[in-house]
Amino acid sequence: MVLKECVRGLKELRPLTHLLFPLCFHWIAEAMTVSVLVDVVTSALCPGQTTCTEAIYISGLQQTVVGIFKMVVLPLLGQLADEYGRKPLLLITVSTSIFPFAVLAWNQSRESVYVYYVLRTISFIISQGSIFCIAVAYAADIIEEGNRAAAFSWITGFFSASHVLGNLLARFLPEKYIFVVSIVLLIFGPVYMHFFLAETVDRVPKRDRDSTFLTKITNVAHKRYESMRDAAAIVFKSPTLRGISFVLFFYELGMSGISSVLLFYLKAVFGFNKNQYSEILSMVGIGAIFSQILVLPLLNPLVGEGWILSLALLASIAYGLLYGLAWASWVPYLSASFGAIYILVKPATYAVISKGSSSMNQGKTQGFVAGVKSIASLLSPLGMSPLTSWFLSSAAPFDCKGFSIIVASVSMMIALCFACRLKPDEKLSHDPEDEIEAPLLRES
């Protein structure tokens, strides 16, 4: 049975080969830098120290700035992917990571780290979340609705497999080669896409070639506003899309807060370095591969996306609480094991969103809901960064160094409450005469 489902899943992914192959190289390149970045940044900004308040605050500031801009950029990129094609948007988003890592490959001084943060912030604004949104919309273009949940799970499974490979490379490669190898892989991705990736969307014909420059700018701004308003109407008129937006907001509020401070917390409390980070991240990745490629495709036809989503959220709560209450250096490894389950939040929500929207609005709805998530990602560091620094310092009101992570877990409990009320099978009628917006691709 399991083998049969695996073979079926691989057949579904065959049309996505030229999408997933370069994306895997991109994800490997990004993953292999994660475990070493904490050491590089801490060494540059706080030489000789295990706790670096400046690094925690800069990371929090970066996440806040990214969240502010992503509120607009993510829905915008989703709209553009529906109108002008998936391929050009993917080429832009996957290319942005090359420049910040090139800076660290060249120099790792304090000034270079500051430049890295600026360039990485711009890169995150354009690429973080949008790559997945556009890739999921690409998959929805060519895969039948009944098979999308399994296909999305395989896509996120490849993402996890790429992270495992990236963490293994980081574990065994000398630190001085990590950024160089990463840049080579990051360049390969967009080059491969340019030559081999096929487009799935007919581009919007240009009708204003004779217009003045000012008229063109006005028309573009008006069109973006109308498209954004229509995307909001689609989401908030649908009980399913509205409900999943609340789930993702509170989930992201908690999980992004934990992610932004976790490695600094582990370094300060248990003295972890890149080797321990790589081990923990690899544990999460290996479990995530199994759960996304085998477990979700098997369970989804039996219990549905809603049940899987609730189970994954419950695992994320246990993940956060164990990290926050960690009393020994082995506890983070136990907490990381829950990553094999909470990782299913991503494919389950993609499937719910895809089912709740029409085929012509996949990019808009995925992008708009991702924009809602970005609001949470900008809010979480505003509280997490100072709270984490406070409880890691000697001025903490009581001895609980992971208190901020426990607080973040409460937000994921709220997400679970919304998920339990969600009815993924509810769907608006997509009768052409009752469609909320006339798809832009039908314009003459």
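Even glycines carry a Cβ here, placed using N, Cα and C.
Bear in mind that TrEMBL entries carry predicted annotations, made automatically and left uncurated.
For reference, TrEMBL has these:
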type: TRANSMEM; residues: 89-108; note: transmembrane segment
type: TRANSMEM; residues: 114-139; note: transmembrane segment
type: TRANSMEM; residues: 151-170; note: transmembrane segment
type: TRANSMEM; residues: 176-197; note: transmembrane segment
type: TRANSMEM; residues: 246-268; note: transmembrane segment
type: TRANSMEM; residues: 280-299; note: transmembrane segment
type: TRANSMEM; residues: 306-327; note: transmembrane segment
type: TRANSMEM; residues: 333-353; note: transmembrane segment
type: TRANSMEM; residues: 403-422; note: transmembrane segment
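Sequence-distant contacts of the transmembrane segment (89-108), counting only residues of its own chain at least 6 positions beyond either end whose CB sits under 8 Å from a CB of the stretch, comprise 19, 22-23, 26, 29-30, 33, 40, 43-44, 77, 80-81, 115-116, 119-120, 122-123, 126-127, 130-131, 134-135, 138, 179-180, 182-183, 186-187, 189-190, 193-194, 197. Under 8 Å from some Cβ of the transmembrane segment (246-268) lie the Cβ atoms of residues 34-35, 38, 42, 50-52, 55-56, 59-60, 63, 276-277, 309, 313, 316, 320, 323, 332, 345, 349, 369, 372-377, 379-381, 383-385, 388, 392, 401-402, 404-405, 408-412, 414-415, 418-419, 422, all in the same chain and six or more residues away from its ends. Sequence-distant contacts of the transmembrane segment (114-139), counting only residues of its own chain at least 6 positions beyond either end whose CB sits under 8 Å from a CB of the stretch, comprise 16, 19, 23, 26, 58, 62, 65-66, 69-70, 73-74, 77-78, 81-82, 86, 89-90, 92-94, 96-97, 99-101, 103-104, 148, 151-152, 155, 159, 200, 346, 350, 354, 362-363, 366-367, 370, 373-374. Same-chain residues lying 6+ beyond the ends of the transmembrane segment (306-327) with a Cβ under 8 Å from its Cβ atoms: 247, 251, 254-255, 258, 262, 265, 269-270, 296, 299-300, 334-336, 338-339, 341-345, 348-349, 352, 400, 402-406, 408-409, 412-413, 415-416, 419-420, 422-424.
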